[in-house]
C-alpha cells in the first residue's frame, strides 16, 4: 500500500486495536504477587465454578435452540402478517437489550415480591428466582430471539420450487418437515447452539445479579470477585486464562462450523407461500402468541411498576447523571468502533483486490481477534497493568471508552465488510482510472456506505450502552452509567428507581433498533 492518509489511518487503527490486546496479555502474563501454580486448577472451588459455568451455558443453549424451531416455523408460515414483522423487530431488541433491563423486569415479575410469584409458589413451593432458575430464564430470554431470527432467515432460503413440489404432491406436514425444512435447518442448529453457548459462558451481569451466591457463580463473576473484593491477583489471573482458553476453544469450533446470519433484513413477501394445513392454522398462532407474551412480560412488568408509584420516590438526580454518562460513553465508543472498523478493513480490501488471500485472511483475523476475548478478561489484564503503574487516577472514562470500542470492533467489521467488498467490485476499476486523492475516495465510500454506517453505528451504540463488565472493573459511583445504576438499585430493592432507569435505557435502545432496522431495510432495497 502506498503511504497516504488511508494507509496511516489503517496503521493507527491496528495500533489502537492490538495495543489493547498486548496490554491485556502483558497484565495476564507478567504480573506476579506470589507463588503461582497450576495445581490451583484442581481446587474444589475452581472445579465447581468451571462445571457450573459449562452446565448453565449448555442448558441455556439447548433450551434456546430447541424452543426456537417451532417459533421460527410459526413466524415463517405467517410472515406476511404485521404481527410477525413487529415480532422480528422485538426479537432483535430483546437480543441486544442491555441485560440489566431484563434483570429488573424479571425481579419485578418473578422476584421475592414479584407480580406472579404467588402463582408460581402455589405450583412450585420452593420457587426462587435467584440461582440457576433465574440465570436460565434470563439467558433464554436474551438468546431465544437470536436463535429464532437465525432459523427464520434460514427457512427463507428454501427455494420456491420446493414449495411448489410440496403443494403439487400434497405432502403431509411431517414429510414437509423431513424433506424440506429439516435439511436446511440442521447445519444451522449446531452453529446457533454453539454461539449461544459461548455467549452464556461469557455472561457476567446476569450471573452477578441473579446468581444468588457461591453455588451459582461462573468464571466471569469469580474473576470480578477475586479482583474487586479480595484483590487476589493470582486467582484473578488464573481464572482469566481459564476463561480465555475455554471461550476461545468454543468460538474456534463455532467458526469452523460456518457463519450465522441474524442481522439480515427479513424478506416478508415471497411469490410462492408454503402450504398451510389445518393443524398449522391451530398451533402456529398459539406459538406466535406465547412468544409475544414471553418477550413482552418483563417490559410490561417494568411499566406496571412505574405506574404503581408517584415520582416523589424517584432518585431523578442519579438517573439523569447516569443517563448523561451512558450516552457519552456509548457515543464516543460507538463512533470510535465504527471508524476503527472502517480503517481496519482498508488493508484487508487492498490485498483482496490483488487476490492475495493469505494476507487478506491474516489481516481479517487480526482485525477481529478480540471477538473470542471476554470483556472481563480484557478488562482485568489492562486493569492490572494500569493500577500497577498508577495510570488509573482520573482516567477511568478513557479506559472504558477504549475497551468498549475494541470489544465492539468485530461486530462493526462484520457489518461493514460485505458492503465494502461490494463497493470494490462495482467501483474499483473506475477509481483506478480516476485516481482520486485519499480524502476524495473516502468521501465516495462514505456516500455509498451512509445507510450501512448508520445501521452499524446503531448496533455498536446499543452494545456499548449495555456494558457492565468493563465498567465493573474501571468505573466508580462518580461516573456510574445507567446499567450500573440499575444494578445498584435492584441490589438494594429500590425497584421503582430501577424500573424508571430501565425504561430510560430501553427507550434509547428501542429507538436505536428502529433506526437500525429502517436503514438496514433501505440498504437492502
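For all residues, glycine too, the Cβ spot is worked out from N, Cα and C.
The range from 165-187, 188-210 that TrEMBL describes as transmembrane segment is residues 188-210. Below 8 angstroms of C-beta separation, residues 116-117, 120, 129, 134, 137-138, 141-143, 145-146, 148-149, 203, 205-206, 209-210, 262-263, 292, 295-299, 301-302, 304-305, 459, 462-463, 465-466, 468, 482-484, 486-487, 489-490, 495, 498-499, 501-502, 505-506, 509-510, 513, 516-517 of the same chain, each at least six residues beyond the ends of the transmembrane segment (90-110), sit close to that stretch. Taking residue pairs at least 6 apart in sequence, the transmembrane segment (281-307) and the transmembrane segment (130-148) share three or more C-beta contacts under 8 angstroms. Contact check: the transmembrane segment (399-427) against the transmembrane segment (55-78) gives fewer than three Cβ pairs closer than 8 Å, residues 6 or more apart, which falls short of the contact criterion. Counting Cβ pairs closer than 8 Å and at least 6 residues apart in sequence, the transmembrane segment (362-387) and the transmembrane segment (188-210) reach three or more and so form a contact. Two recorded stretches are said to be in contact when at least 3 C-beta pairs lie under 8 angstroms, sequence spacing 6 or more; the transmembrane segment (55-78) and the transmembrane segment (281-307) meet this definition. Within the chain, the transmembrane segment (448-475) has long-range Cβ neighbours (under 8 A, six or more residues past its boundaries) at 96-100, 204-205, 208, 220, 224, 227-228, 263, 326, 329-331, 333-335, 337-338, 341-342, 374-376, 378-380, 383, 392, 396, 399-400, 403-405, 407-408, 411-412, 415-416, 419-420, 423, 427, 481-484, 487, 505, 508-509, 512-513, 515-516, 519-520, 522-523.
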